[in-house]
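These notes are about the structure you will find just below.
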Amino acid sequence: MWGALRSVLRPCSRASVPRQRAYHGDAVARLGTQPDSGSSTYQENYEQMKALVNQLHERAQYVRLGGSEKARARHTSRGKLLPRDRIDNLIDPGSPFLEFSQFAGYKLYGEEEVPAGGIITGIGRVSGVECMIVANDATVKGGTYYPVTVKKHVRAQEIALQNRLPCIYLVDSGGANLPRQADTFPDRDHFGRIFYNQAIMSSKNITQIAVVMGSCTAGGAYVPAMADENIIVQRQGTIFLAGPPLVKAATGEEVSAEDLGGADLHCRRSGVTDHYALDDHHALHLTRKVVRSLNYQKKLDVTVEPSEEPLFPADELYGIVGANLKRSFDVREVIARIVDGSRFNEFKALYGDTLVTGFARIFGYPVGIIGNNGVLFSESAKKGAHFVQLCCQRNIPLLFLQNITGFMVGKDYEAEGIAKDGAKMVAAVSCAKVPKITVIIGGSYGAGNYGMCGRAYSPRFLYMWPNARISVMGGEQAATVLATVARDQRAREGKQFSSAEEAALKEPIIKRFEEEGNPYYSSARLWDDGIIDPVDTRLVLGLSISAALNAPIQRTDFGIFRM
């Protein structure tokens, strides 16, 4: 049978092999053009973006230090590794660590600094397995949990649950920050949610590993107690529901922290802990052994091809995009600098051209890309919804490159059904079960944020460039709307609204929107998973897609699309 089939497929000896024709699609399969680096626009963009990137790296370096010099010295004098050194010693040598929410808590509590929110979270490869790592930083307020610390810890667990990543908790915390207990303890997504998430993930066979390297007090004691497997460091790690001061106050009993909840007690008597470590290095070595014992196998739902570098240097993104959001650029030039071989199989290239859609690969992984090239019209929205459906049908992860002012407005567009067409795209994005990743590379305004998979639409990961802006609308537009409302109100009262009054009304509104739309304002509140250097976008996306594919891709069911 197979021989007969091969003979059918073999070309006849007398037939001539048809000459390969060149088509328009072949010519545009590789994206990108060489920018005019000598132009004033390119140079201005480059300088502005480079300044923002330099600021990003300076601020990140400060955050990475953690607590004060005195706090760090006190920490290391006890024989402890600093939290970032713990992570470096835990992950596989030479492998990257994809850190999240580095600017959590940035300028959030006034004069009270909480670098990185007092906790470090991210994905690292441990014994060959991609793991979510959550490390308390005891140099920042004793590792106590501020409201933003809780939010960041819970977000890390959400990422782990969505992507089925084993969790490793490097515990060194004094528990909840008591002066802020009202914002850390009672609500659904407060401190208790951490332990709820541990239980749920363990029930779904997502391994939970705790390494007690310092204090583990009160409710925090449940982190190791609810772990699948745990490790404690001698004369350093302690676990108790009530510390020595509270025990004395409640019972009059005087006891040391070591006798109350140290490694000897929990490894030899209580059975709360499983492995006895001599120091931090030994504890991390044991952790790697635990991960090796998981018998973990990653099963991909996609085909992976050999990776290719883009044809264009990544730093050209600085000159192409820039910091001026009023200056337009072709999102294809961005795509050309992040995808394999700068290859892009564009979908519906001639229709709804303010939205660019198509297929590419990043580090060999398939991805469907949706990028903005202007305001969204009905055609753009319908095209976007169609493309999302294709990716869901084919199990292809989605990447959204946001630079959007919103959907088109006006009488004619309302009459043509922009509301229902925009709703199609929003519904498709909402229901899509393939991994979704969003990068805000410019503006993210209003309903455009919804259609392009903003935070509310559960992207697995959401990143911002340092030039990005996010708000319900631009500051000038908001100020104009509110000034119009004020003018109309005055008119109804038979009063005038002077130009000076209008300017006085607008100025603080514009200033407030500028402040609240800033990426650092967003990142401080965990509206995103981190601000990234545009040059690092390709690597960050590759790591994110790889992590997302640890979870099986679920079938997508769509609801009603209003036609």
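Each residue, glycine too, has its Cβ placed from N, Cα and C.
Here Swiss-Prot flags 49-306 as domain 'CoA carboxyltransferase N-terminal', drawing on sequence analysis.
Taken from Swiss-Prot, the feature domain 'CoA carboxyltransferase C-terminal' applies to 309-555.
The N6-acetyllysine annotation in Swiss-Prot covers LYS70 (among others). Secondary structure at LYS70 (N6-acetyllysine), as computed by DSSP, is helix.
According to Swiss-Prot, the feature N6-succinyllysine maps to LYS70 (among others), an assignment based on similarity to another entry.
Residues or ranges marked as N6-succinyllysine by Swiss-Prot: LYS141 (among others). DSSP assigns LYS141 (N6-succinyllysine) to a helix.
Counted within 10 Å of its Cβ, the other Cβ atoms near LYS433 (N6-succinyllysine) come to 13, all protein chains included. Residues annotated as N6-succinyllysine in Swiss-Prot, with similarity to another entry given as evidence: LYS433 (among others).
The N6-acetyllysine annotation in Swiss-Prot covers LYS495 (among others). Remark: LYS495 (N6-acetyllysine) has no non-local neighbours by Cβ distance under 8 Å and separation of at least 6 in sequence. Mapped onto three states, the DSSP output places LYS495 (N6-acetyllysine) in coil.
Per Swiss-Prot, the feature N6-succinyllysine maps to LYS495 (among others); the stated evidence is similarity to another entry.
Annotated N6-acetyllysine per Swiss-Prot: LYS511 (among others), in sequence order, evidence recorded as similarity to another entry. Its Cβ taken as reference, LYS511 (N6-acetyllysine) is surrounded by 12 other Cβ atoms within 10 Å in the chains shown.
Residues or ranges marked as region 'Carboxyltransferase' in Swiss-Prot: 49-555.
Taken from Swiss-Prot, the feature region 'Acyl-CoA binding' applies to 343-372. If you look at the region 'Acyl-CoA binding' (343-372), the same-chain residues 6 or more away from its ends with a CB under 8 A from one of its CBs are 28-31, 302-308, 331-332, 334-336, 379-384, 386-388, 390-391, 396-404, 442, 448, 452, 538, 541-542, 545-546, 549.
Here Swiss-Prot flags 1-22 as transit peptide, drawing on similarity to another entry.
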Please determine which of the modified residues listed here (LYS70, LYS141) has the lowest count of neighbouring CB atoms within 10 Å.
LYS70
Mean of pLDDT values spanning the domain 'CoA carboxyltransferase C-terminal' (309-555):
96
Out of LYS70, LYS141, LYS433, point to the one nearest LYS511 (N6-acetyllysine) in space (Cα versus Cα); all of them are modified residues in the record.
LYS141
